[in-house]
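To start, the structure itself, in structure tokens.
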């Protein structure tokens, strides 16, 4: 069987892959991104079991999640930039191969340090989404690429929702090692599928990689996320946490200055001047905060013992199943979002999503005492988060050039991961404040306070999406977009020798 990657013609243009393999592209990319998300979720629901298996305390075991998130945040912008050029296929294949190796390493009885190294490699999968979106946009016509991009954009949300119950059940039946062998198997399948389906990029221009910018951003994000992740353990007022946050702020400021002056920046920050890009980036950051704030609260709340007076006493497997409505809601949102955008505008979808999310968190704040109420809350929040993540890529695609797609998506993904860390840290910090000395579980007021904080955040999101709307698309812009599509079709016809 021959691979799907396109061939170079005598004119240097990359020829189109066969139509049958083009049809397989989106399902293959979705599968690869879902697998990466599921693998990345192998940390959170297994933390207590990991601590017991490797004889470490809870804060040390937390690094099984923190290390993956750090890797994803650091690798995503670099992978996004490489994904904008001719190395896109190699980036996908090498990343999936490293995920397979990382899962196998974590599955072996090699000690906690090498287990953690495996989790670091698994975190590379979080950077696949912007590369996959760029591949879909490059290979598909405009009318099909929009729905594909919306679907790819919520694979992280869907994958986490699927990964929690699946891996929780596998770990309960076969132990932690079995969960990571499962990850190894599905990642190997994704690698095999990608090898035969993912095409070469049509863009042949290779831009220099901004190595200095990549290193500067990596160190800054590492300091920021490390400070946020360990704030609860080390103390928010400790010299270590404050020092890390100060270093992060200084390095991020330096990175911004560097990127604005670089000839070939890792992320073209000038794109943020476009109100659609700025709105999309802010929405992604806030949605990331809200998503992991809710997930952290929900999983802990349903597992709290009934002796607390509020907990549902559920097992880890049942707690994972509570997230299924969240994933289902996010998937439904990908089908709703394009129709809403067509009937109204991208400007209107984000405020609608903010209202949906606000309604869900109000219910969590005041009506969460039974399992069915939690399931309804998770379904509502899944729809809201899914709407945000489904419409954000469309806003970016309308604002940036094709050659900047993966870079813009990569930066947007980084903001999501930063939001994930902030949301998780906020949940832990508030619940810790509401935990009495010597107690292991917080009082019920901690969950109410966290829910109300999330409500305030969604109100801020609503205001931001109304104050920083997308510019209206003029007729000239529509004509230009259509002209670009026709030019692409003509280039494709020339490459096929028509």
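Placed from the backbone N, Cα and C atoms, the Cβ positions cover glycine too.
Curation does not apply to TrEMBL; its annotations are automatic.
As recorded in TrEMBL, the features of this protein are as follows:
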DOMAIN    25-472  domain 'Major facilitator superfamily (MFS) profile'
TRANSMEM  29-51  transmembrane segment
TRANSMEM  91-110  transmembrane segment
TRANSMEM  116-136  transmembrane segment
TRANSMEM  148-166  transmembrane segment
TRANSMEM  178-197  transmembrane segment
TRANSMEM  209-228  transmembrane segment
TRANSMEM  234-258  transmembrane segment
TRANSMEM  278-302  transmembrane segment
TRANSMEM  314-336  transmembrane segment
TRANSMEM  348-366  transmembrane segment
TRANSMEM  417-435  transmembrane segment
TRANSMEM  447-468  transmembrane segment
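Beyond the transmembrane segment (348-366), the same-chain residues lying 6 or more positions past its ends with a Cβ under 8 Å from any Cβ of the stretch are 279, 283, 287, 290, 294, 297-298, 337, 340-341, 373, 376-377, 380-381, 383-385, 387-388, 391, 447-448, 451-452, 454-455, 458-459, 461-462, 465-466. If one looks beyond the transmembrane segment (417-435) by at least 6 residues along the same chain, the residues whose Cβ comes under 8 Å of a Cβ in the stretch are 69, 72-73, 76, 126, 221, 224-225, 228-229, 231-232, 236, 284-297, 300, 441-443, 445-447, 449-450, 453. Packing against the transmembrane segment (278-302) from elsewhere in the chain are residues 44-45, 157, 160, 164, 272, 310-312, 314, 318-320, 322-323, 326, 350, 357, 361, 364, 368, 371, 374, 377-378, 381, 385, 388-389, 392-393, 395-396, 399, 411-413, 415-424, 426-428, 431, 447, 450-451, 453-454, 457-458, 460-461, 464-465, 468-470: each is 6 or more residues past its ends and has a CB under 8 Å from a CB in it. Tertiary neighbourhood of the transmembrane segment (148-166): same-chain residues 26, 29-30, 33-42, 44-45, 126, 129, 132-133, 136-137, 140, 182, 291, 295, 299, 317, 319-321, 323-324, 326-328, 330-331, 333-334, 337-338, 382, 385-386, 389-394, 397, 416, selected by CB-CB distance under 8 Å and a gap of 6+ residues from either end.
Between the transmembrane segment (209-228) and the stretches 91-110, 116-136, 178-197, 234-258, the greatest number of Cβ pairs separated by less than 8 Å involves 234-258. Within its own chain, the transmembrane segment (178-197) has Cβ neighbours under 8 Å at 1, 3-4, 21, 24-25, 28, 31-32, 35-36, 38-39, 42, 46, 92-93, 96-97, 99-100, 103-104, 106-107, 118, 122, 125, 166-167, 170-171, counting only residues six or more beyond its boundaries.
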